[in-house]
């Protein structure tokens, strides 16, 4: 196994530890305001410094990991669920349904997903619920498109044709013969996409249209720190590096799973 994959796995393990044990790892209350200690640089007392309200940056970074990862996983699961169901139906029945779906997928894929999600939020309005909806409405198509391709391939397998000949129900065939064949690539796509979702969430929060200002989230930390870029660089470096490392870790694991590691294991 390549060293970068091991490093990525270790980084994500540490991230999940931070998510689970943030209340025990954080040295201070992330909401505690101490104006007398505002904009303090990194020190022994505050390892990553303090922000404009005197709040401990390390504590907020740990709590921010919980919100960023929870949102990303929630959105990814919603996209996967919708895409898998639609992809199964379209891939099995094909015909005009597939033609209409592929036309819609081609239109959506012609534009960057971030810009489409941003435009959708412009219609729906600001807020965390609308942000989740905007991202899911755009990105579920990628899961569905992959699922359609995999289902069509599986449908041509002799054992599936045999099951149809025996008169087994569509639901039985999908559950017993199609899903075991197609779920693994979808899981890989979900793993790779979590990093992209974290980046989108952080970007929306940085623009001030994502989570609420009182929510501790990495993108919102960047949003709050933008006015202090010249005088307190550590305010932007900590959440910025956290986002960068997390995205790279998820992408590295997903890329390895897609090209070398898991696919070989799955295919024997």
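Cβ atoms here come from the backbone N, Cα and C positions, even for glycine.
Nobody curates TrEMBL annotations by hand; they come from automatic prediction.
Taken verbatim from TrEMBL:
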type: TRANSMEM; residues: 5-26; note: transmembrane segment
type: DOMAIN; residues: 65-254; note: domain 'ABC transmembrane type-1'
type: TRANSMEM; residues: 67-93; note: transmembrane segment
type: TRANSMEM; residues: 100-121; note: transmembrane segment
type: TRANSMEM; residues: 127-144; note: transmembrane segment
type: TRANSMEM; residues: 186-211; note: transmembrane segment
type: TRANSMEM; residues: 232-253; note: transmembrane segment
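Using a Cβ-Cβ cut-off under 8 Å and counting only residues 6 or more beyond its ends in the same chain, the transmembrane segment (5-26) has close neighbours at 56, 58-59, 62-63, 65-66, 69-70, 245-246, 248-250, 252-253, 256, 261. Most Cβ pairs under 8 Å with the transmembrane segment (100-121) belong to 186-211, among the candidate stretches 67-93, 186-211, 232-253. Within the chain carrying the transmembrane segment (232-253), a Cβ under 8 angstroms from the stretch's Cβ atoms is held by residues 4-5, 7-9, 11-12, 15, 39, 41-42, 48-49, 51-52, 57-58, 61, 64-65, 68-69, 191-192, 194-196, 198-199, 202, 218-219, 221-222, 224-226, all 6 or more beyond its ends.
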